[in-house]
Amino acid sequence: MASSRAQWFNPIAFTPWPVTCITTIVYLALLIPILVINLVVPSAPETNPKGVNLTEAWRDLQHLTGGFHPYNSRRNDEVHEWLLSRINSIIRPTVEAGQPSSANDNLPEVFVFDDNRSNLTYSNGGVGKTSIVGVYFESTNIIVYIRGSEDGLENWWEHSNGKPKGKGGVLVNAHYDSVSTGYGATDDGIGVVSLLQLLRYFTTPGNNPRKGLVLLFNNGEEDYLNGAHPPEADTTQAQDDTRHTNIDSLWHMLSASIGTTEGLVSYTGMDFDGKSKDQNKVNSGTGTLGVWFDMFGTAFAVFRLHTLFAISVALLVIAPLVIFVTSVILSKTDRMYLFSMSKSLEGTGDQVSLRGLRGFSRTPIILVIATTIPICLAYLLEKVNPYIVHSSQFSVWSMMFSAWIFLAWFLACAADFFRPSALHRAYSYTWIFIATWIMLVINTVYANQKGIAAGPSTAEFPGAAGEDTDPTESTSLLRGQRTTFANYRSSRPGGAAETDEREDINKGGTFEHEQSWSWTLPRWTWVLQLLLLAPIVLILVGQLALFLTASMCQVGSDGVSTFVVYLACSVFTTLLCIPLFPLIHRFTYHIPTFLFLVFIGTLIYNLVAFPFSPANRLKTFFIQEVDLDNGSNTVSLTGIQPYLTDAINSIPSAAGQNITCDKTTPFGKLERCSWSGLSPNVLGQGRERDNEIDPDKWITYNITKTVGKNKARIEISGRNTRACKLKFDRAVANFQVSGSAVDHRMPPTSRQGVSEIRLWSRTWENTWVVDINWHESADKSDDDDDDHDDENHDAPQNILSGKAICMWSDGNQPGVIPALDEVRLYAPSWIAISKAADGLVEASHSFTIQ
């Protein structure tokens with residue numbers, strides 16, 4: 001009786017209360033820090049680190065985000081001049097290039113390049129037979145070069161054929177333009193002020209870079225040129241300002257930038273030196289594929305992909321061998337119970353029932369059922385309230401997590417009640433090992449063939465070894481100190497019912513109705529198994545799951561199916577709960593019952609709650625199109641229904657109009673609704689000389705066709721803008737902009753042709769001269785022998801039609817785009833306005849070349 005009482009009060013025994021309490025503590029101890037790391041930004045230091053001025057950085061961010069500053073805005077020019085002024089004020093104490101001073105001998109040379117000369121013509125490359133989009137862009141980038149101690153002292157850029165000498169340098173880049181509907185605090189204002197602080201840091205005595213450092217302030221990133229598409233809605237809206245961020249967020253990025261850049265400029269290895277594999281790229285070495293993961297926000301574990309491949313191959317071979325050898329040893333020492341139905345008694349031939357297969361199949365069955373429920377919940381949310389994850393991602397997580405745990409606990413307890421088995425845990429780890437080994441095989445193949453490192457990279461789970469270990473080398477699993485089956489009580493030949501009395505078994509230390517021999521098993525190994533498996537899964541999978549939902553929870557407003565998000569949540573729920581499953585049948589009813597109530601509450605909330613709020617707004621896309629030929633003025637909002645209609649109904653100018661909606665947008669579930677809106681004043685308020693200009697004079701264009709050839713020259717210019725484009729009803733074969741530079745690494749067109757040419761200039765009201773040529777229509781063809789006449793065959797096949805369009809993107813001044821002002825004023829608070837295209841207003845003239 002004494003031993004039974006001692007076992008009962010064992011704080012790490014494999015009994016309900018220790019299992020419930022310890023498992024809960026372990027999970028909370030791991031999940032809470034992961035949540036805090038992902039949700040709470042580290043505090044900025046109270047005092048400025050050496051070479052950094054946080055107060056100055058915050059003031060810079062406030063100034064930068066004082067207005068919308070897209071490339072096609074006057075405010076963008078102001079930001080450009082302000083950046084030059086800030087850069088010069090920072091480097092003023094340093095040595096001027098070519099004028100060394102004895103007082104500043106320990107400071108690096110700094111060179112500032114205001115790029116107002118370069119331009120580039122390129123295209124998006126096209127897909128299949130789809131026509132591509134060509135772009136002509138004139139740079140207004142700012143380049144700051146900090147000479148490294150290993151760099152050559154020659155100003156090689158001053159020579160026409162000059163080339164840099166020494167080892168490779170480091171490039172850090174940020175764009176200083178914003179979208180036309182956002183102030184650009186996070187996209188990419190924090191990046192810009194981080195570059196300014198990097199400049200201050202590396203021009204501070206004692207922080208000189210070993211390698212040359214180039215800080216690139218680029219312009220025009222938001223307007224197609226680099227195609228940034230942020231995962232969060234607010235980065236393209238008016239909430240992307242300093243009111244909705246803080247100095248802690250600024251320090252978070254700045255500290256990472258300083259640490260990373262300092263490591264790069266101080267690197268002494270040769271990995272980034274030498275010729276590149278691609279001759280069209282800068283000679284920066286061949287590099288290697290890397291693998292890394294975060295350790296509680298304090299450090300990165302970094303190693304090469306081939307190292308992961310080698311470890312994976314070793315685990316694939318060693319892990320099964322270890323399991324096999326362990327199984328052989330257990331069998332040889334008469335201690336192997338897994339997969340054993342019975343044992344023969346020595347000398348009698350009678351069979352002793354061991355019930356060794358009991359519990360073998362319950363693990364995959366229960367896991368499949370428990371995993372199916374979150375998938376069904378994902379489908380239910382997609383059908384009933386698909387956008388609830390937009391604002392309530394943790395409610396979705398709570399629903400799926402609680403549903404999985406309760407159902408798995410209920411099924412495991414039911415199976416354990418009807419068919420109790422001491423080997424439930426051993427078989428669970430065995431199945432987990434098999435599944436992990438298979439996933440590791442897949443991961444290893446992808447790492448080797450595709451260069452992809454994803455999925456499980458370990459194959460632990462020793463399976464039966466921990467479960468079947470006996471306290472001593474001489475003690476049998478079956479009973480007492482016997483080493484053979486010779487003295488065991490025999491059973492009936494056909495069967496297998498044990499005749500031990502339950503009272504004796506309980507006194508011997510078995511748990512309820514499990515096999516009588518189980519009292520000899522160690523009671524503490526489950527703690528080691530939990531501590532081995534849970535941290536690995538929760539640290540790696542937990543952070544990945546939170547990152548995934550944070551980046552994808554608002555993709556529904558972009559027209560992407562949210563079922564992908566819910567399905568990912570359901571899969572990650574299973575992965576996060578896997579360490580619990582071998583132990584879950586020992587849980588008391590308290591936590592599963594509580595989680596069942598959580599499931600009911602979150603399910604109801606997720607099905608009926610309104611998915612958007614002022615803090616988590618629905619993104620809609622605005623554009624106003626003016627046809628200068630017929631004077632029509634169309635305002636369009638693109639978004640998801642029925643919320644888009646609710647927003648439009650609140651706009652006064654749309655009241656009483658016939659709102660037309662269609663699904664012709666390329667954005668999946670999005671609809672575009674249009675109505676006749678307020679007329680824009682794109683020439684600007686207060687420009688008296690332009691007030692009387694008719695809208696049809698906003699754009700001037702001229703077309704000159706080469707006689708007898710499918711060639712033409714188009715001249716186009718717009719008032720108060722520096723962005724226009726040409727759209728063609730069918731693709732042109734080639735184009736060239738007067739004065740443009742072509743880089744063979746980025747061809748302006750391909751055999752598919754160009755259906756649209758976008759033109760960007762650093763000069764306001766610039767006139768672009770574009771030469772185009774096109775092929776005859778492919779329609780004339782194979783139907784010439786048809787009996788019926790098609791009048792289209794008689795039409796000239798070398799006609800080219802299209803539109804000359806100019807764009808206006810400056811929404812800083814009220815009254816310039818009244819339709820946009822109206823939408824911002826009257827749309828519900830849970831609606832956010834973003835741009836639908838490069839311009840907020842697009843005016844067009846149609847043309848035909850024949």
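The backbone N, Cα and C atoms fix where each Cβ goes, and this holds for glycine too.
Marked as topological domain 'Cytoplasmic' by Swiss-Prot on the basis of similarity to another entry: 1-20 (among others).
Sequence-distant neighbours of the transmembrane segment (21-41) (same chain, 6+ residues past either end, Cβ-Cβ under 8 Å): 12, 246, 248-249, 252, 294, 296-297, 527, 530-531, 534-535, 538-539, 542-543, 546-547, 550, 580, 583, 587, 591. Annotated transmembrane segment per Swiss-Prot: 21-41 (among others), in sequence order, evidence recorded as sequence analysis.
If you average pLDDT over the topological domain 'Vacuolar' (42-282) in this model, you get 80. The topological domain 'Vacuolar' annotation in Swiss-Prot covers 42-282 (among others) and rests on similarity to another entry.
Of all Cβ atoms in the protein chains displayed, 16 besides its own lie within 10 Å of the Cβ of ASN53 (N-linked glycosylation site). Marked as N-linked glycosylation site by Swiss-Prot: ASN53 (among others).
Per Swiss-Prot, the feature N-linked glycosylation site maps to ASN116 (among others). The number of other CB atoms found within 10 A of the CB of ASN116 (N-linked glycosylation site), across every protein chain shown, is 13. ASN116 (N-linked glycosylation site) falls within neither a helix nor a strand when secondary structure is assigned with DSSP, and so counts as coil.
Same-chain residues at least 6 positions away in sequence with a Cβ under 8 Å from that of ASN119 (N-linked glycosylation site) are, in sequence order, TYR136, PHE137, GLU138, SER139, GLY739, SER740, ALA741. Taken from Swiss-Prot, the feature N-linked glycosylation site applies to ASN119 (among others).
The Zn(2+) 1 binding site feature in Swiss-Prot is assigned to HIS175, ASP187; the stated evidence is similarity to another entry. The Cβ neighbour count for ASP187 (Zn(2+) 1 binding site), using a 10 Å radius over every protein chain in view, is 22.
Under the three-state DSSP scheme, GLU222 (Zn(2+) 2 binding site) falls in the helix class. The feature Zn(2+) 2 binding site is assigned by Swiss-Prot to ASP187, GLU222.
The local packing around GLU221 (active site, proton acceptor), expressed as other Cβ atoms within 10 Å of its Cβ over all shown chains, amounts to 20. Taken from Swiss-Prot, the feature active site, proton acceptor covers GLU221.
The transmembrane segment annotation in Swiss-Prot covers 283-303 (among others) and rests on sequence analysis.
Sequence annotations record features per position, and here Swiss-Prot assigns topological domain 'Cytoplasmic' to 304-308 (among others).
Marked as transmembrane segment by Swiss-Prot on the basis of sequence analysis: 309-329 (among others).
Among the features that Swiss-Prot reports, topological domain 'Vacuolar' is placed at 330-363 (among others), with the record citing similarity to another entry.
Marked as transmembrane segment by Swiss-Prot: 364-384 (among others).
According to Swiss-Prot, the topological domain 'Cytoplasmic' annotation covers 385-393 (among others), on the basis of similarity to another entry. DSSP places the residues of the topological domain 'Cytoplasmic' (385-393) in helix, strand and coil in these numbers: 4 helix, 0 strand, 5 coil.
Under the heading transmembrane segment, Swiss-Prot lists 394-414 (among others), citing sequence analysis as support. When Cβ-Cβ distances below 8 Å are used as the criterion, the transmembrane segment (394-414) is approached by residues 362, 365-367, 369-371, 373-374, 377-378, 381, 388, 424, 549, 566, 569-570, 573-574, 576-577, 580-581, 584-585, 587, 591-593, 595-596, 598-599, 602-603, 605-606, 609 of the same chain, each at least six residues removed from its ends.
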For the topological domain 'Vacuolar' (415-425), residues assigned helix / strand / coil by DSSP: 6 helix, 0 strand, 5 coil
Recorded stretch that, among 364-384, 564-584, 591-611, has the most CB pairs under 8 Å to the transmembrane segment (426-446): 564-584
Distant-in-sequence neighbours of the topological domain 'Cytoplasmic' (385-393), which means Cβ under 8 A and at least six residues beyond its ends: 549-550, 553-554, 556-557, 562-563, 565-566, 569, 605-609, 611-613, 615-616, 618, 640
Subset of glycosylation sites (ASN53, ASN116, ASN630) lying within 10 A of HIS175 (Zn(2+) 1 binding site), CA to CA, in sequence order: none
Listed glycosylation sites (ASN658, ASN702), ranked by Cβ neighbours within 10 Å, top entry: ASN702
Surrounding residues of the transmembrane segment (564-584) on its own chain - C-beta under 8 Å, 6+ positions past either end: 19, 23, 27, 363, 366-367, 370-371, 374-375, 377-379, 381-382, 389, 396-397, 400-401, 404-405, 408-409, 412, 424-425, 428-429, 432, 526, 529-530, 533-534, 537-538, 541-542, 544-545, 548-549, 552-553, 555-556
Of the recorded positions listed as GLU221, GLU222, ASN702, the one whose CA lies nearest the CA of ASN116 (N-linked glycosylation site): GLU221
DSSP three-state assignment for ASP187 (Zn(2+) 1 binding site): helix
For HIS175 (Zn(2+) 1 binding site), the number of other Cβ atoms found within 10 Å of its own Cβ: 23
ASP187 (Zn(2+) 1 binding site) and ASN630 (N-linked glycosylation site), Cα-Cα, nearest whole angstrom: 38
